[in-house]
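For reference, the structure discussed in these notes is given below.
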Amino acid sequence: MLPPEDRPKGTPIYRLLLDPYIAVCAGALAMSNVSLAFLEPTISLWMKDTMNSDEWEIGFVWLPAFIPHIFGVFLTVKLARNYPQYQWLMAAIGLAVEGVFCFFMPFAKAYFVLIFPIMGICFGIALVDTALLPTLGYLVDLRYVSVYGSVYAIADISYSLAYAFGPIVAGSVVHAIGFLWLNVLIFVTNVGYAPILLMLRKIHKYKRFDEEEEDVLVSPSGSFHHPDYKTYVQNGGLHGKPQPINGGDDFANHLKIANQRPLYTGEIDCYPPANVDYSYHKDTHSFYEQR
């Protein structure tokens, strides 16, 4: 392990909060959790008033939501692996999906129907969280030092703010304007925040590492001799000078040259000869020729 004085120092959290891209991600993470933070403390009373639901039904209505949440995580990971430059779009779609299902929730009059809007909300949350958490790490790699404690602390703060103010504010909002308008408000804020994620659309303008590695080895025609990369023989050229190998067997391996019987008496290498009576002539196959 590196000693503490040699370890890279992370960027202070206040500097990260001032970064507009990180601030946009943090706001989206908070908005994605506002829906559940506001609905969890209020939906139970609404279900009792509108559906006469039992206690077990109020708790059981959340159970099927883990299935679309897992599917959303799996789908986002697959898409982000192939299209990392569109992670902002996945998060924007997730916010919009949350808002739309929140809008339809108050119109559910049956217990079985209510399960589907909750499943849609959890699916949207999975899209947002799974797309933006890696984006935060990428932003730190791109713009700051690759120490992630501060940036993921910002993500935790975003979750905490949503769940801290949700139960406090949600009850007052429902008492003032009703459960229907609470969901309409969540719909407007989530859908309204989604276009702000357009700010992140250009941060992934990079070439994938594995593709770059293939480009070094393989030419556009599919051969292993890329036109932009050449191999040179340092001392084994026909005239003793560095010359490129053009994909054929123009030049033998230097070990093979060393083992072969020389065709002339001159030295093949570019190193100064031991005999001072040798001189250089350009019209010979060797650097040096005896006077």
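The backbone N, Cα and C atoms fix where each Cβ goes, and this holds for glycine too.
Note that this is a predicted model, so its numbers are computed, not measured.
Here TrEMBL flags 21-39 (among others) as transmembrane segment.
TrEMBL lists 59-77 (among others) with the feature transmembrane segment. Long-range neighbours of the transmembrane segment (59-77) within the same chain, counting only residues 6 or more positions beyond its ends whose Cβ lies under 8 Å from a Cβ of the stretch, are 43, 47, 53, 90, 94, 111, 114-115, 118-127, 129-131.
Within the chain carrying the transmembrane segment (89-108), a Cβ under 8 angstroms from the stretch's Cβ atoms is held by residues 28, 31-32, 35, 39, 46, 72, 76, 79-80, 114, 116-118, 120-121, 123-128, 130-132, 135, 179-180, 183-184, 186-191, 193-195, 197-198, 200-201, all 6 or more beyond its ends. Residues or ranges marked as transmembrane segment in TrEMBL: 89-108 (among others).
Long-range contacts of the transmembrane segment (114-139) within the same chain: residues 19, 21-22, 25, 28-29, 32-33, 35-36, 39, 47, 51, 61-62, 64-73, 75-77, 80, 87-88, 90-91, 93-98, 100-102, 104-105, 108, 148, 151-152, 154-155, 200, 203-204, each at least 6 residues beyond the stretch ends and with a Cβ under 8 Å from a Cβ of the stretch. Residues annotated as transmembrane segment in TrEMBL: 114-139 (among others).
Under the heading transmembrane segment, TrEMBL lists 151-174 (among others).
Positions annotated as transmembrane segment by TrEMBL: 180-200 (among others). Counting only same-chain residues 6+ beyond the ends of the transmembrane segment (180-200), those with a CB under 8 A from a CB of the stretch are 20-21, 24-25, 27-28, 31-32, 34-35, 38-39, 42, 87-89, 91-93, 95-96, 98-100, 102-103, 105-106, 135, 170, 173-174.
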Using Cβ atoms and a strict cutoff of less than 8 Å, what residues sit near the transmembrane segment (151-174) while being 6 or more residues removed from its termini?
11, 13, 16-17, 22, 25-27, 29-31, 33-34, 36-42, 45-46, 132-133, 136-137, 139-140, 181-182, 185
